[in-house]
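Engineer: Here's the feature list from Swiss-Prot:
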- D10, D348, H349: Mn(2+) 1 binding site (BINDING)
- D307, H312, H360: Mn(2+) 2 binding site (BINDING)
Amino acid sequence: MSRALLIVLDSVGIGGAPDAASYGDEGADTVGHIAASCARGAGDRAGLRQGPLRLPHLAALGLGLAAEAATGRMPPGLAPAGSVTGAWGHAVETARGKDTVSGHWEIAGVPVDFDWGRFPATEPSFPPELTQALIAEAGLPGILGDCHASGTAIIEELGAEQVRTGKPICYTSVDSVFQIAAHEEAFGLERLSAVCAVARRLCDPYRIGRVIARPFTGDARRGFVRTANRRDFATPPPSDTLLDRLVAAGRPVVSVGKIGDIFAHRSTGSEVKPAGNEACLDAALAAFAESGLGPGGLVFVNLVDFDTEYGHRRDVPGYAAALERFDARIPEIRAGLAPGDLCVITADHGNDPTWSGTDHTREQVPVLSFGPGLRPGPLGRRDTFADIGAALAAHLGLPPSCGRSWL
């Protein structure tokens, strides 16, 4: 029994799920379309990156092969140059949705078997009784927004009015979310968190997966930008996840990035929440290297920038550059694995930056598994993300639960 490192590349999907058409996402392919865009020069940006997508280490682990198995097409430049060094496959989500919470819970062995509540794409989006209760219980002068919106666009549109009136900006999307944006200094982080806590309780009867605090800074002259102090208020999982089972067995767990928020801080062990992909990966590798992470321990990290900074913003060059930066760190990840350790790299949904709109895309996800002594080769199609949690449970010496291990 040794340790495990689970890395979720937030939104790095590899092709439309079998039911993508019912979500309006037939043909979506995050990795494939980024690679194709880069191959024809559409991923170039002066001072950032140029040319074809270069992911030699991920390709060697089987990313291109997994994408080809999922879609029937090898993304340009992602065929492995030599022998494959990882066990690779692709997974299909059983939960109905394409959101962060459903994806992560299913990875951890708890597929969502109910429909999340969502707010309609009308204006207003929120039920009047919900809005009125939030205003009254949180002591607000009112709210702004009350619609479906892009988070970056709505703070540009309403940021100055938010500062002037003190009314927070409340908005949603096709996901099961209630998002609240307010100026970090004029409104205050503590007050924003308190308002979100009220909204979390009020949203429970509507089966809303997350209430998200979206602080921003800036002014009307310079523009407004979101800060790294985002906080998610998620509903807790309906049954025991892999994390619950590990903690119950006395195993060490380290949660990096927004993992603690996603699992409502239940059985998430030691939580570390740096800002950005690089800092989150640094923290995960540091935690994995510590002697305190003994046998049976898990480090679970989400790298959110792929989604928030590039997917939602439909930024192909930015997304490509972020993938290349992560790829360059694969040798470092490998070097941190001791004999018996296991690393799994996967994703929670797609967010194709070439797709219409600004929302997630319903996609299959890569499953890349490697470590000293692990035999490379195909894992095939995994019919649920829960197979990932099952494999980790088997590796960490826990009895089987939901899903089917490949180990």
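Quick reminder: no glycine exception, Cβ is built from N, Cα and C everywhere.
Could you place the listed features in the three-dimensional structure?
Structural biologist: When secondary structure is read from DSSP and collapsed to three states, H349 (Mn(2+) 1 binding site) falls in the coil class. There are 30 other CB atoms within 10 A of the CB of H349 (Mn(2+) 1 binding site), with all protein chains counted.
Under a cutoff of 8 A between CB atoms, and with a sequence separation of 6+ in the same chain, the neighbours of H312 (Mn(2+) 2 binding site) are S150, G151, T152, N351, T358, D359.
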Engineer: Compute the C-alpha separation of D10 (Mn(2+) 1 binding site) from D307 (Mn(2+) 2 binding site), stating it in Å without decimals.
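Structural biologist: Here the two Cα atoms lie 6 Å apart.
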Engineer: Just counting, how many other CB atoms are there within 10 A of the CB of H360 (Mn(2+) 2 binding site)?
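Structural biologist: Excluding its own Cβ, H360 (Mn(2+) 2 binding site) sees 30 Cβ atoms within 10 Å.
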Engineer: Enumerate the residues of the same chain, D307, H312, H360 excluded, that satisfy the criterion Cβ within 8 A of the mean position of the Cβ atoms of the recorded Mn(2+) 2 site; list them in sequence order.
Structural biologist: D10, S11, T308, G311, H349, N351, T358, D359
Engineer: Is it possible to get the count of other C-beta atoms within 10 angstroms of the C-beta of D348 (Mn(2+) 1 binding site)?
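Structural biologist: There are 30 of them.
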